[in-house]
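To start, the structure itself, in structure tokens.
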Amino acid sequence: MYSSNLIGFILALVSSAFIGSSFIIKKKGLRRAGANGPSASVGGYGYLLEPLWWIGMITMVVGEVANFVAYIYAPAVLVTPLGALSIIVSAVLAHFLLNEKLQRMGMLGCLLCIVGSTIIVLHAPEELSVDSVEEIWELATQPAFLLYTASVVAVALVLILYCAPRYGQTNILVYVGICSTIGSLTVMSIKAIGIAIELTLEGSNQAVYFQTWIFAMVAVTCIITQLNYLNMALDTFNTTVVSPIYYAMFTAFTILASAIMFKDYSGQSASSIASELCGFITVLSGTAVLHSTRDPDPPLLTDLYTPLSPKVSWYIQGNGEVWKQKDEDGSSPSFITILRQDYFK
């Protein structure tokens, strides 16, 4: 059992490395495309002709495939929290390749993520042995998980139909809540499909069972819904705020769903459960610290009428006799205007 956890852990690390790298590669491709034409932020599609951007997309696909396979070998309570490692990879690569400096607090955030991930791996529960999709179906139709599923669907419908039209643009928890709750069902469906594929490759065809196709339809529906509202959240709110909140809620709901469906913590001691909870909180803290130190991207030109001159700010020095006009980026002032107090009398 622990060997399968090790395989899942290695695949999760590979997934994080590829996904974290893909962000940097795609961003370099977008910058290169933007230098030769309209950028993506203003509706340009020149990046589709940029080979570097496609390399980034291929890298992300490889990472997602590795993440998918990791769910086959290891429980979701082990794989999902390790997704935070992709943030470390992207932060470190951005420091060297994009000149986005990683501050000391950012380094502390990376260290917290590594420590927390290590604690999670050392205390991860064993993977439940499943021999057919029918067994997974029995787990999915047990009263406890049916109650969880019904609760998730009810909460998601309330958020989508009532809260989103009224509070979606002002409350970040609306869109992120939809993504996180639905996302937990996505992971459970993906895990069921992965196990079905593994059993089929071993010679036991699982495509003949209708349960396999139900899991597939649920996965597709949940993925579309999840991605739709995640994009809405990212388009409405700051990424540095969305990412840690989404990571925390998505991971928490996924761990809860996995614990109910697969009984991940059955037979584990209270100390092991407490240790894994501490590991998750440590990773969450590291993610929040790392995102809080990231500088927002500079605003891009949105039309031809956007002023090209740098923004300026006024500063009062001493007793107010001298005012200086400086660029907001900290560059030296272009001119100094001296106003005497008696001018204002």
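Glycine is no exception: its Cβ is also placed from the backbone N, Cα and C atoms.
Just so you know, TrEMBL annotations are computer predictions that nobody has curated.
Taken from TrEMBL, the feature transmembrane segment applies to 6-25 (among others).
Summarising the annotation, TrEMBL assigns transmembrane segment to 52-73 (among others). Using a Cβ-Cβ cut-off under 8 Å and counting only residues 6 or more beyond its ends in the same chain, the transmembrane segment (52-73) has close neighbours at 4-5, 7-9, 11-12, 14-30, 32-33, 79, 83, 86, 127, 187, 190-191, 194-195, 197-198.
Among the features that TrEMBL reports, transmembrane segment is placed at 79-98 (among others). If one looks beyond the transmembrane segment (79-98) by at least 6 residues along the same chain, the residues whose Cβ comes under 8 Å of a Cβ in the stretch are 8-9, 12-13, 15-17, 19-21, 23-24, 27-28, 63, 67, 70-71, 106, 110, 113-114, 116-117, 120-121, 187, 243, 247, 250-251, 254-255, 279-280, 283, 286-287, 290-291, 294.
Within its own chain, the transmembrane segment (105-125) is flanked in space by residues 5, 9, 74-75, 77-78, 81-82, 84-85, 87-88, 91-92, 264-268, 272-273, 275-276, 278-294, which lie at least six positions past its ends and keep a Cβ under 8 Å from the stretch. Summarising the annotation, TrEMBL assigns transmembrane segment to 105-125 (among others).
Residues or ranges marked as transmembrane segment by TrEMBL: 145-165 (among others).
TrEMBL lists 172-197 (among others) with the feature transmembrane segment.
Same-chain residues lying 6+ beyond the ends of the transmembrane segment (209-229) with a Cβ under 8 Å from its Cβ atoms: 132-134, 136-137, 140, 156, 160, 164, 175, 178-179, 182-183, 185-186, 189-190, 192-193, 196. The transmembrane segment annotation in TrEMBL covers 209-229 (among others).
The annotation transmembrane segment is assigned in TrEMBL to 241-262 (among others).
Sequence-distant residue pairs (6 or more apart) of the transmembrane segment (241-262) and the transmembrane segment (6-25) include fewer than 3 whose Cβ atoms are under 8 Å, leaving the two stretches without contact.
For the transmembrane segment (145-165), same-chain residues at least 6 beyond its ends with a Cβ under 8 Å from one of its own Cβ atoms are 139, 171, 174-175, 177-178, 181-182, 184-185, 225, 229, 253, 256-257, 260-261.
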